[in-house]
Amino acid sequence: MEKLLRLCCWYSWLLLFYYNFQVRGVYSRSQDHPGFQVLASASHYWPLENVDGIHELQDTTGDIVEGKVNKGIYLKEEKGVTLLYYGRYNSSCISKPEQCGPEGVTFSFFWKTQGEQSRPIPSAYGGQVISNGFKVCSSGGRGSVELYTRDNSMTWEASFSPPGPYWTHVLFTWKSKEGLKVYVNGTLSTSDPSGKVSRDYGESNVNLVIGSEQDQAKCYENGAFDEFIIWERALTPDEIAMYFTAAIGKHALLSSTLPSLFMTSTASPVMPTDAYHPIITNLTEERKTFQSPGVILSYLQNVSLSLPSKSLSEQTALNLTKTFLKAVGEILLLPGWIALSEDSAVVLSLIDTIDTVMGHVSSNLHGSTPQVTVEGSSAMAEFSVAKILPKTVNSSHYRFPAHGQSFIQIPHEAFHRHAWSTVVGLLYHSMHYYLNNIWPAHTKIAEAMHHQDCLLFATSHLISLEVSPPPTLSQNLSGSPLITVHLKHRLTRKQHSEATNSSNRVFVYCAFLDFSSGEGVWSNHGCALTRGNLTYSVCRCTHLTNFAILMQVVPLELARGHQVALSSISYVGCSLSVLCLVATLVTFAVLSSVSTIRNQRYHIHANLSFAVLVAQVLLLISFRLEPGTTPCQVMAVLLHYFFLSAFAWMLVEGLHLYSMVIKVFGSEDSKHRYYYGMGWGFPLLICIISLSFAMDSYGTSNNCWLSLASGAIWAFVAPALFVIVVNIGILIAVTRVISQISADNYKIHGDPSAFKLTAKAVAVLLPILGTSWVFGVLAVNGCAVVFQYMFATLNSLQGLFIFLFHCLLNSEVRAAFKHKTKVWSLTSSSARTSNAKPFHSDLMNGTRPGMASTKLSPWDKSSHSAHRVDLSAV
C-alpha cells in the first residue's frame with residue numbers, strides 16, 4: 001500500500017491504540033541477511049504493502065506486534081487532514097519518550113513524495129500539537145524531526161533534506177543522554193544532542209498534531225511511506241546500516257522508481273559487475289531531463305548516499321567525478337535555481353552533497369602505483385582526487401590547484417609520512433555567486449556581529465581541501481605547521497564600488513564552512529588573515545575544509561554626539577527657514593502691486609522661495625515616516641521633485657543675473673516662459689524618467705530618499721552638481737564685473753566703501769545661487785565633520801538668508817513697503833482719495849518726474865564702466 005498523504009507539510013504523530021494480536025508466518029529463504037535479525041528485534045512492525053525494491057520480513061516467532069492498514073496502524077482523513085494512528089499506551093516508552101530509560105527508542109520508515117496537486121489545502125483541523133511523542137515534517141525544501149518530552153518540557157529537533165520522488169529511508173533514535181539522531185539511508189545525517197527547554201509546546205490535553213499548515217495558497221504534496229518499525233531501544237549505527245542494506249537488497253539504490261539505476265532486465269535490485277557504470281550512465285541520461293532544481297537536488301543527494309562501497313579505477317573515478325559535477329553545474333543553469341539559491345541552506349546542502357561524493361571517490365580510489373591522482377576541470381569546478389604516500393613526495397608542500405592565484409598549501413611535514421593519505425580538492429568556479437546576503441547573526445564570526453545590519457558576501461572562489469588521515473597541524477595560529485590559503489578576490493562592479501567608497505569601511509574575514517552541527521555555518525575560528533588588499537587575501541589556518549573570503553562593507557557613522565548636534569541644527573534651521581520663507585512670500589504678495597516688485601527678478605525669487613519652502617516642509621515631515629512604507633516612498637518622490645525644482649530655480653536665478661549684468665538677451669517677457677519651463681518642467685521630466693527605471697529605489701533604505709546602493713541617487717546628484725558648477729561660474733563672472741566697478745569708483749571718487757560692494761554682492765548671491773551646496777560634496781567623507789556642520793547650517797538656513805538679503809536688507813523692498821504704508825494711510829483718508837497718483841519706480845530711485853537725481857549711488861559714480869548696473873539687480 002502506498003497511501004498518499006495529501007499534505008504540503010504532513011505530520012505523522014504516533015498515538016497509542018494497541019491491538020493485541022500476533023501474525024505468524026515463515027521466513028523467506030532469501031531473508032537470511034543479518035539486517036533482518038535487527039528487524040526481528042523490533043517491538044512493532046508494519047510492512048504495509050509490498051513495494052518493489054524494499055524487502056520485508058515475515059515474523060515466525062510472533063514476538064513483533066505486526067499489523068496491516070486499518071489494523072493497529074491506519075490512516076484517516078478528517079476535514080481534509082490525514083492522521084496516522086497507532087496504539088494507545090498511557091504509560092508506554094513509545095507514548096512518553098521520557099519513560100524509555102537509558103535504552104531509548106527508535107522509529108524507522110521509508111518515505112517519498114509524489115508531486116503536487118493543483119487544488120488548495122483545506123483548513124487544518126484544530127492546529128495544535130501533540131502533548132507527547134514526535135513529529136516528522138517536510139516543507140519548503142527541508143525535512144525535520146521533532147521529539148518532545150512533557151515531564152521535563154524538553155524539545156529535540158533536527159533537520160535533513162526531504163526525500164523527493166524516490167524512496168528514502170529515514171530512521172531516528174533518541175536517548176535521554178545522547179539526544180536525537182537522524183539517519184538517512186543508513187548514514188547519520190544530523191542530530192540534536194542537547195535539546196532545549198520548551199514549556200509552551202502544545203496543550204496537555206491534545207493527543208494528535210493536526211495535519212497541515214494554515215496556508216490556503218499552497219498546493220497539496222502527495223506523500224507515501226512504507227515499512228514502519230519501532231524498536232523500544234536505540235539502535236547502534238552498525239545495526240542501522242545492516243537493516244538498511246537488508247531492506248534495499250545489499251547496496252541497491254532505494255527505489256524501483258529510480259530510472260533503471262542498478263536494475264537488471266527483471267527489475268531486481270542487484271549489483272552489476274561494474275557497480276559504478278549504471279550510476280554514471282543514469283546521471284548522464286537524467287541530466288537531459290532536469291527541470292526542477294529542488295527535485296534534482298534530492299535525486300543527487302540520494303545518489304551520494306547510495307554509492308556502493310566498491311573500489312574505483314582511476315578512469316572510473318574520473319568519469320564519475322566529471323559526470324556528477326556536470327550534473328551539478330547544469331542545476332545552476334536551470335531557471336528556477338536563482339530563486340531557490342536565495343535560501344542559503346539549499347546552497348550549503350548542495351556543497352555538502354558534493355563533499356560526500358568526492359569523499360566516497362577518494363576513499364575507494366585504488367591504483368597500482370604509490371601515488372594515484374585523478375584531476376581535471378569542468379564548468380563547475382577544478383578537482384583533484386589523490387591517494388599518495390607522503391614519504392614518496394619530494395616537494396616541500398602539497399598545493400591544490402597546482403597553478404593559479406587561488407590555492408591551498410599544506411606543508412610536507414604535516415603529513416603522516418608512512419601512512420597512505422587521500423586528498424580531495426575542489427575549486428568552485430561560480431559557487432561564490434550564491435554565497436551572498438549572509439546575516440552576521442547566522443555565522444560564528446564574532447567580529448562580524450558588531451555590525452549585525454551589514455550583510456556579508458563571498459568575495460573569492462570557494463575552495464575545498466580534505467585530507468585523510470588529517471594532517472598534523474598546530475592548534476595555535478602563532479605555531480607551525482599551518483595551512484596557507486591564498487585566494488584572489490572576485491568582486492562584482494557593485495561590490496567594488498562599495499568597497500572603494502571612502503564613506504565605507506571594509507572588513508575581510510578568512511571563513512570556512514562548519515558542518516559539525518549538521519548544517520553549514522560560516523566561521524573563522526582557527527583562521528587568521530595575514531596579508532592582502534582589495535585584490536587578494538592570504539590566510540593561515542589550523543584545519544582543512546571549505547574556505548572563502550567573506551567581505552563586510554560597513555558605512556562610516558559619526559559619533560553619537562555629532563549625530564545629535566547635526567540633527568538639532570537641521571531641525572532648528574529648517575523650522576526657522578520655513579518661517580522666513582513664508583514671510584518672504586507674504587512680503588512679495590503684499591507688495592506685488594508695486595511696479596518695482598512686480599518685475600521678473602522678484603517672480604524668480606518668489607518661485608525659488610516656494611520650491612525651497614515646500615522641500616523643507618516635506619523634509620521635516622519625512623523624519624517621522626517609516627522607511628519602506630508607501631507614505632515614505634511617496635514622500636521620497638515629492639522630495640526629489642521639489643529639491644530638483646529648487647535647484648532649477650537657482651539655475652534660473654544665475655542665468656537671469658548673467659543676462660542683466662553680463663549680457664542682454666532680450667526683453668523680460670520673452671524669457672518668462674522659458675524660466676517657468678526650466679524651473680518646474682525639467683525637474684518633472686527627470687522625476688518621471690527616474691521613476692520609470694528605479695521606482696523601487698525611492699524610500700526603501702534607512703530614510704525617505706533615493707537609494708544610494710542602487711545608484712538612483714544620481715538622478716538628484718547629477719542635476720544638482722550641474723547647477724552648482726554653472727552658478728559658481730556665473731558668480732565668478734559677476735564678481736569680476738562688480739570688482740571692476742568698485743575699483744573704478746575708488747580711483748575716480750576715492751570712495752573706500754566701494755570695495756565693500758564686492759563682499760556684499762557675494763553674500764547676497766550665495767543663498768539664491770545654491771553654491772553653499774558645494775559643502776555637501778565635501779561632506780561625503782565621514783572624516784570631514786567640519787564640512788558636515790557647514791553644510792547643515794548653511795542649507796537649513798537658506799530661507800533665512802533669502803529673507804534677510806532680499807526682503808529686510810533690500811532697498812527696493814524697503815522703499816516699496818514705505819510707499820505701500822503711505823498708500824494705505826492715504827487711502828484711509830478721504831481728503832486725498834481723488835488726488836492720488838499712480839506709483840512709479842522713479843520714486844524708488846529717489847527722483848521725481850521731470851527732475852534728475854541729485855545723488856549717485858556707488859554703481860553710478862563710475863562714468864568709465866562699460867556697464868551701468870543698478871544695485872538692486874544683485
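Each residue, glycine too, has its Cβ placed from N, Cα and C.
Per-residue pLDDT, averaged over the topological domain 'Extracellular' (26-567), rounds to 75. As annotated by Swiss-Prot, topological domain 'Extracellular' applies to 26-567 (among others).
Under the heading domain 'Pentraxin (PTX)', Swiss-Prot lists 79-276, citing sequence analysis as support.
What Swiss-Prot records for 510-557 is region 'GPS'.
When secondary structure is read from DSSP and collapsed to three states, Cys539 (disulfide bond) falls in the strand class. Counting every protein chain shown, the Cβ of Cys539 (disulfide bond) has 25 other Cβ atoms within 10 Å. The disulfide bond annotation in Swiss-Prot covers Cys510-Cys539 (among others).
Under 8 Å, Cβ to Cβ, and six or more positions away along its own chain, Cys541 (disulfide bond) finds Leu482, Ile483, Val485, Cys510, Phe512, Gly526, Cys527, Ala528, Phe547. The disulfide bond annotation in Swiss-Prot covers Cys527-Cys541 (among others) and rests on sequence analysis.
Look at Swiss-Prot and you will find 546-554 tagged as region 'Stachel'.
What Swiss-Prot records for Gln563, Asn795 is 17beta-hydroxy-5alpha-androstan-3-one binding site. Taking the Cβ of Asn795 (17beta-hydroxy-5alpha-androstan-3-one binding site) as centre and 10 Å as the limit, one finds 22 other Cβ atoms among all the protein chains shown. Reduced to three states, the DSSP call for Asn795 (17beta-hydroxy-5alpha-androstan-3-one binding site) is helix.
Feature annotation from Swiss-Prot assigns topological domain 'Cytoplasmic' to 591-601 (among others).
DSSP assignment over the topological domain 'Extracellular' (624-632) gives 3 helix, 0 strand, 6 coil. Residues annotated as topological domain 'Extracellular' in Swiss-Prot, with experimental evidence given as evidence: 624-632 (among others).
In this view, Cys704 (disulfide bond) is surrounded by 28 other Cβ atoms within 10 Å of its Cβ, with every protein chain counted. According to Swiss-Prot, the disulfide bond annotation covers Cys632-Cys704 (among others), on the basis of experimental evidence.
Look at Swiss-Prot and you will find 656-673 (among others) tagged as topological domain 'Cytoplasmic', backed by experimental evidence.
Among the features that Swiss-Prot reports, topological domain 'Extracellular' is placed at 696-710 (among others).
As annotated by Swiss-Prot, topological domain 'Cytoplasmic' applies to 733-757 (among others), with the evidence given as experimental evidence.
Annotated topological domain 'Cytoplasmic' per Swiss-Prot: 811-874 (among others), in sequence order, evidence recorded as experimental evidence.
Marked as region 'Disordered' by Swiss-Prot: 854-874.
What Swiss-Prot records for 861-874 is compositional bias 'Basic and acidic residues'.
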For the topological domain 'Extracellular' (624-632), sequence-distant contacts whose Cβ falls under 8 Å of one of its Cβ atoms, 6 or more beyond its ends: 699-704
Residue from Cys539, Cys632, Cys704 whose C-alpha is spatially nearest that of Asn795 (17beta-hydroxy-5alpha-androstan-3-one binding site), among the disulfide-bonded residues: Cys704
Distant-in-sequence Cβ neighbours of Gln563 (17beta-hydroxy-5alpha-androstan-3-one binding site), under 8 Å, six or more positions away: Glu557
Tertiary contacts of the topological domain 'Extracellular' (696-710), as residues 6+ beyond its ends and Cβ separation under 8 Å: 494, 498, 622, 625, 627-629, 632-637, 639-640, 690, 716
Cys632 (disulfide bond), number of other Cβ atoms within 10 Å: 20
Distance [Cα-Cα, Å, rounded] between Cys704 (disulfide bond) and Cys539 (disulfide bond): 41
Neighbour count (Cβ, 10 Å) for Cys510 (disulfide bond): 24
Cys704 (disulfide bond): secondary structure state under DSSP, collapsed to three categories: coil
Cys539 (disulfide bond) versus Cys632 (disulfide bond) - Cα distance in angstrom: 44
For Cys527 (disulfide bond), the number of other Cβ atoms found within 10 Å of its own Cβ: 22
